[in-house]
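Just below is one structure, and these are the notes that go with it.
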Amino acid sequence: MLRIITQQADVKAELQRICDRTHDEQVLHKEATVREVLQAVKRQGDKAVLHYTDEFDNQILKAEELRVTGSELDAAYQQVSQELLEAIQLASRQIEAFHRQRVPKSWVHFGDDDIVLGKRYTPIDRAGLYVPGGRAAYVSTVLMNAIPARVAGVPRIVIATPPGAQKAINPAVLVAAQEVGVQEIYRVGGAQAIAALAYGTETIPKVDVITGPGNIYVTLAKKLVYGNVGIDSLAGPSEVLIIADEGANPVHVATDMLAQAEHDPMAAAILFTTDPALAKNVQVAVERQLVDHPRRIDTEKAIAHYGLIVLVESLDAAAELSNEFAPEHLELEVKDPWAVLPNIRHAGAIFLGYSTPEAVGDYLAGPNHTLPTSGAARYASALSVETFLKHSSIIQYSQTALNKVAGAIDALATAEGLPSHADSVKRRIQQDE
């Protein structure tokens, strides 16, 4: 059952327990398996990818079957409803419109003495997007990862996603990929997919950045290949924190909590409220909705282990506790969310008001739903166009400008014991003279 505790209880310790749920010994023990997979793929390429696809996904593939064919891509459109296709297209338009507003611009500044300083943004060459399989067809994951990469101008975007029964990829995933311009899709999942994207194989290209969520094996693999390639983040199980007052609808709050819990048995769903009646009503509503929930077993586990209702003294107190937890998703289900918002410092995405459930942001509002988890919102942000861009500094000095700073550079280089640094300036000054 969903627990109710008061702020006077050891709330911070309980929140820390939930935040640390991916750091237990059982999870860390899996790192050895992931290291083995990474090394095998690095050494053996396609052979290892095929071996682990058989072992972990129970699908026997040949190397030539790794890439989804053009005929499979075409056939996918016949297997999705017109309603779903139109929803994908609507979401694509809105996500693209938002991300196009966030493209950073290169710039240069022309200063005194013909000094030119600036910053130049360029896209990476190749992006690898991981799309989970298994529990659902993660159409939104395709959109939220591929669209920012495309807007950034990445010339080659590839998707890796695990094969299902009979080697099939969910047609909705294939349609979503094509709608956002991705035709290169590989049927490979898990740590072996991350290894293939990081190191390259005979069939799967090595990429520059890997993005997209996955299970603990995928997350550990991304952690271990970081440095060889860039990654978006180390995504843990999903989480929502709801701050609600007496005006919130308990059935709506309960549904929002279950919407998070249904993701994964380790997902977290937390409510902070000033109203004891709301707390009790939400507790009852959660139990009622669980009775015939299609994902009852996993959802019930998440609620039992990582679900929590905390009675707080004030909305200010709720905001401060929220900042310590730094949730992936934060819902402000209060009468005046704009009054609470200034007190929020750490959250991946913030949903304002009674009519803005997290699902709006998950699917089509526009902002990215790939967000920092497990407290990482204290220092990290959502996936964005900049995930797929690099920036280079632009510097040009005239001889006049160099002459003016030569003494300072000489002093700094000498202090650091780097004589050739100093000489690289002094010889240009001598040459000018």
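Note that Cβ sites are derived from N, Cα and C of the backbone, with glycine treated the same way.
Residues or ranges marked as NAD(+) binding site in Swiss-Prot: Tyr130, Gln192, Asn215. Taken from Swiss-Prot, the feature substrate binding site covers Ser238, Gln260, His263, His329, Asp362, Glu416, His421, and the record attributes it to similarity to another entry. Swiss-Prot lists Gln260, His263, Asp362, His421 with the feature Zn(2+) binding site. According to Swiss-Prot, the feature active site, proton acceptor maps to Glu328, His329, an assignment based on similarity to another entry.
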Assigned element (helix, strand, coil) containing Tyr130 (NAD(+) binding site), judged by DSSP: strand
Candidate with the highest Cβ count within 10 Å, taken from the binding-site residues His263, His329: His329
Neighbour-count leader, CB within 10 A, recorded positions: Glu328, Asp362, Glu416: Glu328
Top Cα neighbour of His329 (substrate binding site) in the set of binding-site residues Tyr130, Gln192, Asn215: Asn215
Those binding-site residues listed as Asn215, Ser238, Gln260, and which of them has the most Cβ atoms within 10 Å of its own Cβ: Gln260
Rounded distance in angstrom between the Cα atoms of Gln192 (NAD(+) binding site) and Glu328 (active site, proton acceptor): 27
Binding-site residues near Glu328 (active site, proton acceptor) (Cα-Cα within 10 Å), from Ser238, His263, His421: Ser238
Beyond the site residues Tyr130, Gln192, Asn215: chain residues whose C-beta lies within 8 Å of the centroid, for NAD(+): Pro132, Ala160, Pro162, Gly189, Gly190, Ala191, Ala193, Ile194, Gly214, Tyr217, Val218, Ala221
Integer Cα-Cα distance in angstrom, Glu416 (substrate binding site) to Asn215 (NAD(+) binding site): 47
Integer Cα-Cα distance in angstrom, Gln260 (substrate binding site) to Tyr130 (NAD(+) binding site): 21
Distant-in-sequence Cβ neighbours of His421 (substrate binding site), under 8 Å, six or more positions away: Ile409, Ala413
